Amino acid sequence: MFSRKTKVHLALFLVLAVVGIGYTGGRYAGLDRLFGGNGYSVTVQLADSGGLFTNSEVTYRGVAVGRVTAMRLTGSGLEAELHIDDSAPPIPADTRAVVANRSAVGEQYLDLRPERDGGPHLAGGAVIAQGRTDVPLPPESLLVDLDRLVGSVPVEDLRTVVDEVGTAFEGSGAHLQRLLDATSSVTAAADQHLPQTTGLLASSDVVLRTQQEQADEIKSFSSGLREISGRLKESDPDLRGIIRDAPAAGHEVQALLDSAGTDFGVVAANLLTTMKITEVRTEGMEQMLVALPVISAFSHSLSPDGTGHLGLVLNFFNPIACTRGYEGTPRRPGSETAPGPINPDLHCAEPPGSVISVRGSQNAPRQPIPDPVPAPPPFNP
């Protein structure tokens, strides 16, 4: 028979064993849920299990808050029943359920990731819809897509690219080494000035957002560049001819300038004066160029057979002829044919817009009178 002391030791050991097993089972195995433990249940609708299994851990912001108690198939996927411990913090109802991998061996767990803080919070019977869940890509799908990608690469084109890359970098080892060294120096400098680097990266968001807002304009610009490139490709023979003949033409122009000497500068200066005069009369010249073809078109009808064919039309002072500005000129009879003095002040003094037939170059459309052209500096051979 056992002594009294032994019986007491066995009883204490039995009590401690029961307490330890109960705590371990309730704390880690979830046996307390079988006896009406505290907490609440949440249902997550998934399109695929993603490797999730019964008794998988449930985390919230990386902290364990429960377990997956059951999984059942549905018409659109499956539902996972979650038991959230009563010790878990309040979890916002606006939460995504993500099936994630804990390690490289593929141990999946369910991570609850809130999209905003504050209530309302998850409670018993809450459902996280399938549209707010994410599951990892199945390995078989990844392998199939990778195989299709590899199979879609033209072998001959890939070989050409590899050969071209090899040719491009052949003999440039020293340059690449300097590039890598410089990159290391830039990285070290960026790390040394971390606040400035962080500020630069933060401000780049503004640039990227601007590019996104101007996406349509950038696409239009790219389309224009593509069209220009197409035109250049079509004009490739002409461009090659220009490039081929340009040096000879350049030599001819240089020879012309050398032979012209200072005279060419004088001609250019005179042309500048002519351009200044023409600049203020651009509108009048445009009107002349418009009317000149019309005059040329009917001028041959004035003398089709060598004799003049003219007509006289009486307008009966409609419109009235311009006489203002001619008052200071002495009138002479028509029979007097001797030369008379010239009056340089003769002009039609009617203002622009007058109903009287306004004549004279002073009423021709033009711009303000330009400044005088400065005299060229003296030539010093």
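Glycine residues also receive a Cβ, built from the backbone N, Cα and C atoms like all the rest.
The shown structure was predicted, so the numbers you read here are calculated from the model rather than taken from an experiment.
So that you can see what the record holds, here are the features copied from TrEMBL:
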type	residues	note
DOMAIN	38-114	domain 'Mce/MlaD'
DOMAIN	120-281	domain 'Mammalian cell entry C-terminal'
REGION	327-381	region 'Disordered'
COMPBIAS	367-381	compositional bias 'Pro residues'
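Looking only at the domain 'Mce/MlaD' (38-114), the predicted model's pLDDT averages out at 87. Secondary structure of the domain 'Mce/MlaD' (38-114) per DSSP, as helix, strand and coil residue counts: 0 helix, 46 strand, 31 coil.
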